[in-house]
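Chemist: My questions all concern the structure below.
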Amino acid sequence: MSDLKAQKRLAADILDVGKSRVWFDPEAQAEIVEAITREDIRDLIEQGTIQAKDAKTNSRGRARERAAKRSYGHQKGPGSRKGRSGARRNKKDAWITRIRAQRARLKELRDEGALDRTQYRELYNKASGGQFDSVDRLEAYARNNYGIEVSN
């Protein structure tokens with residue numbers, strides 16, 4: 001077994017990988033020993049006698065297993081949480097849920113006849129502007145400002 005340190009170093013540099021990722025064909029050792037210039041090494045790379053091994057990565061098996069469990073709601077208890085609820089839930093998703101509920105309630109009130117068109121539009125715009133935190137706050141505002149009786 002000859003010393004191929006120099007060839008390995010050159011090959012690593014040419015292939016732009018670390019020395020541990022350089023693979024030499026065991027059948028062509030004699031040929032590799034004679035390769036002493038960068039040009040020689042390039043020729044051997046073209047022939048496939050010298051190749052770069054694939055980079056090793058961390059196994060995703062355990063991560064996939066965890067993700068599958070979490071899709072069922074497991075492993076999400078208080079002991080697994082870091083960060084407050086606002087950090088764990090997308091603010092945009094929370095907004096979408098909230099505004100859809102408010103707009104649906106406004107439509108119900110309009111269709112029941114509790115709100116006329118101008119009141120509906122005014123409340124709709126206020127809701128869109130983020131004035132109400134919840135459907136409850138929206139209904140309280142409608143009760144206080146328009147004197148309408150809101151039934152569930």
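Backbone N, Cα and C atoms are what each Cβ position is placed from, and that goes for glycine too.
The domain 'Large ribosomal subunit protein eL19' annotation in TrEMBL covers 3-146. The region 'Disordered' annotation in TrEMBL covers 47-94. According to TrEMBL, the feature compositional bias 'Basic and acidic residues' maps to 53-68. Here TrEMBL flags 69-91 as compositional bias 'Basic residues'.
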Chemist: When the compositional bias 'Basic residues' (69-91) is classified with DSSP, how many of its residues are helical, how many are strand and how many are coil?
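Modeler: The compositional bias 'Basic residues' (69-91) comes out at 11 helix, 0 strand, 12 coil.
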Chemist: Just give the helix, strand and coil counts over the compositional bias 'Basic and acidic residues' (53-68), going by DSSP.
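Modeler: Summed over the compositional bias 'Basic and acidic residues' (53-68), the classes give 8 helix, 0 strand, 8 coil.
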